[in-house]
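Take a look at the structure set out below.
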Amino acid sequence: MNYKLASSPHQHVRRNTGQVMRMVIYALIPGILLQTWFFGFGVLVQIALAVITAVVTEATILEMRKRNFERAIKDYSAILTAILLAISIPPFAPWWVIVIGTFFAIAMVKQLYGGLGFNVFNPAMAAYVMLLVSFPVQMTQWLPAQSLTAHQPGLIDAIYAVFTGFSADGFSLAQLQGAADGHTMATPLDAIKTGLAQGLTYEEGLQSAIFDGSLGIGWWWVSTGYLLGGLYLIRAKIINWHIPGGMLAGAALCAGVMFLVDADRFASPLFHIFNGSLILGAFFIATDPVSASTTNKGRIIFGAAIGFWVYVIRTWGGYPDAIAFSVLIMNMAVPLIDYYTRPRTYGHTKRTKGEPK
């Protein structure tokens, strides 16, 4: 019997870019729903504004470049970037913040470098850093979980607040930010960082009303939602475990060592993993296939280094959370990491020391 030898590739992947991006968006849904439940409809308003801005910006630039914008938009990469940026900023940030940030992500970070597959930095995180540096007040107006607030804005209130700064009933963001017990510190990372700076111990800082044990009310639920989505992506083989595993392990190891050294001055590993955006960053942001490392060994190094920088900046830096800065730092190191972690080419032996190239 004669057998036909098929040409390569011998491993066939039926998913195209658009399908992969859609699956990542689907995996974000549990976390987005929980984030909306605990922190208000402003999350959905920001997502809507970001997606509209991303699509319009992408279509305009591609039209100017004489490219097929319909095919490019159908790959959903711009929409995914918009969603990641939208869920990273405060839900009630002014409308122009997300519009400027999304335009910057698509136009300056993605298209300026040549479009999908050519950007050096993660577009969503580059835009986040630009917004944080340019508009620090608007980017730090986080609200406590709605169960702690005296006023719980609905969808109409959220739309009013994003576009006018006031709810439909006339409450300002400062009034909405005030918790039922008068506590206005919005995020667990903010609360602990401020408490430690004021001389409180870690355990004393956890006595704030925004904590339930060592976990921020609402925040650990949101992190769990993104964790479930991330595990789905690994199971569906959309992403590998190397980057999220390395990132979580790197941050947890650093936190564990320092917590053992002085439990009064340093937060526990559990606190760092479930409070803030570490899980979101590990599964959905650092795993960007364009700006991340491409080898398995390199991915572990890349992820672990991001986890290290997250802990360092959170603990000793000027920003409570540090996912964006850490990802961008390691984006710059990707060429070096890939160079030294390239697997040996099949059929070639490893070059011995002193052997000419």
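From the backbone N, Cα and C atoms, a Cβ is placed for every residue, glycine too.
Annotation source Swiss-Prot lists transmembrane segment at 20-39 (among others).
Panel annotation: around the transmembrane segment (83-105), residues 25, 28, 31-32, 35, 39-43, 45-47, 49-51, 53-54, 57, 123-124, 126-128, 130-131, 135, 138-143, 153, 158, 161-163, 165, 173, 176, 277, 280, 284-285, 324 of the same chain, lying at least six beyond its termini, place a Cβ under 8 Å from a Cβ of the stretch. Annotation comment: Swiss-Prot describes 83-105 (among others) as transmembrane segment.
Tertiary proximity for the transmembrane segment (115-135) is limited to same-chain residues at least six positions away from its ends with a CB under 8 Å from its CB atoms, namely 17, 62, 67, 72, 75, 77, 81, 84-85, 88-89, 97, 100-102, 104-106, 108-109, 285-286, 288, 290-291, 319, 323-325, 327-328, 331-332. If you look up Swiss-Prot, you'll see 115-135 (among others) marked as transmembrane segment, on the strength of sequence analysis.
According to Swiss-Prot, the transmembrane segment annotation covers 154-174 (among others), on the basis of sequence analysis. Tertiary proximity for the transmembrane segment (154-174) is limited to same-chain residues at least six positions away from its ends with a CB under 8 Å from its CB atoms, namely 40-42, 44-46, 49, 91-95, 141.
Per Swiss-Prot, the feature FMN phosphoryl threonine maps to THR187; the stated evidence is sequence analysis. When Cβ atoms from all protein chains are considered, those within 10 Å of THR187 (FMN phosphoryl threonine) total 21, not counting its own.
Under the heading transmembrane segment, Swiss-Prot lists 214-234 (among others), citing sequence analysis as support.
According to Swiss-Prot, the transmembrane segment annotation covers 241-261 (among others).
Proximity of distant same-chain residues to the transmembrane segment (266-286), defined by a Cβ-Cβ separation under 8 Å and at least 6 residues beyond the stretch ends, is recorded for 24, 27-28, 31, 84, 87-88, 122, 124-125, 187-189, 192, 202, 214-216, 219-220, 223-224, 226-227, 229-231, 233, 239, 243-244, 247-248, 251-253, 255-256, 258-259, 292, 302-303, 306-307, 310-311, 314-315, 320-321, 323, 326-327, 330. What Swiss-Prot records for 266-286 (among others) is transmembrane segment.
Packing against the transmembrane segment (300-320) from elsewhere in the chain are residues 132, 187, 189-190, 193, 242-255, 258, 266, 272, 276, 278, 281-282, 286, 292-293, 326-327, 329-330, 333-334, 337, 341: each is 6 or more residues past its ends and has a CB under 8 Å from a CB in it. What Swiss-Prot lists as transmembrane segment is 300-320 (among others).
Residues annotated as transmembrane segment in Swiss-Prot: 321-341 (among others).
In the three-state DSSP scheme, THR187 (FMN phosphoryl threonine) falls into the coil class.
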